[in-house]
Amino acid sequence: MVDTTNLIPNTPRYLKVPLIAFNTILWVLGLVLVIIGSIGVSFFSNFKDFTKVSKASAALSNLTTGAPAGVLVIGIFFVILTVIGCFVAGKEKLVGLVIYTMLMLIILVALIGVGGKALTLHNDDVVKQIGNAWEDVSNGPKNSTILKLENFLKCCYWNSTSSRNPLLCPKDSKGIPKYTDTCDSVISSKISSNLYLVGAAAVSIGVIEFICMLFALFLIIRICRAPRTKSYDYQ
């Protein structure tokens, strides 16, 4: 068996300083996730009625509710947990470091889940699924939901080949359509590329988080090997 004793620095400082530095980076990234999640929740709240009326697929429901809420919650936990991580690392609190590492593992799993969901939605071409639901609702009795979305997105009809329902497409006082862009192009520009960015960001943040966990584990091992009183962690 390989002896790993000499692989861990003898001085905890060389472990806790990088741990604090990486936690600071994660704190900033946590704020970014909070902002992205808040924007996503606000944006997709306008799709709530559309999702209900269209009897949307699971992928569409995940896009409008699960993904943005997941990003927001993970961001909030990052902001809180990284502050705690900096404190317990600086004070070399053994119990705190163990709890911190366990919580980071849970968040890492959640982050992988959200990132994987975002990439899956991107690869499954969720915009096409939105288009199918859009056409169904446009030709149904509750097409006023589509008119609200058109006003919000500032677009007219789903695409150039979709049916031209006279009740849809916002018009001015002269009956002229207010917007020239089709809704598929607007939604595609706002969703498709951003889903890929969320997935890529989740992978990047996950790597940094994994490094933090390694430093925390090494620091735990070093603290356990150092002579100390049992009451040290509770001071």
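Placement of Cβ uses the backbone N, Cα and C atoms for every residue, glycine included.
Summarising the annotation, Swiss-Prot assigns topological domain 'Cytoplasmic' to 1-23, 90-93, 222-235. Swiss-Prot lists 24-44, 69-89, 94-114, 201-221 with the feature transmembrane segment, giving sequence analysis as the kind of evidence. Under the heading topological domain 'Extracellular', Swiss-Prot lists 45-68, 115-200. The annotation N-linked glycosylation site is assigned in Swiss-Prot to Asn62, Asn143, Asn159.
The listed stretches are 69-89, 94-114, 201-221; of these, 69-89 has the most Cβ pairs under 8 Å to the transmembrane segment (24-44). On a Cα basis, Asn159 (N-linked glycosylation site) lies 24 Å away from Asn62 (N-linked glycosylation site). A separation of roughly 16 Å, to the nearest angstrom, links the Cα atoms of Asn159 (N-linked glycosylation site) and Asn143 (N-linked glycosylation site). If you take the C-beta of Asn143 (N-linked glycosylation site) and look for same-chain residues 6 or more apart in sequence within under 8 angstroms, you find Val137, Asn165, Leu167, Leu168. Just so you know, of the glycosylation sites Asn62, Asn159, the Cβ with the fewest other Cβ atoms around it within 10 Å is the one at Asn159.
Helix, strand and coil content of the topological domain 'Cytoplasmic' (90-93), in residues and according to DSSP, is 2 helix, 0 strand, 2 coil. Within the model, the topological domain 'Extracellular' (45-68) carries an average pLDDT of 75.
According to DSSP, Asn62 (N-linked glycosylation site) sits within a helical segment.
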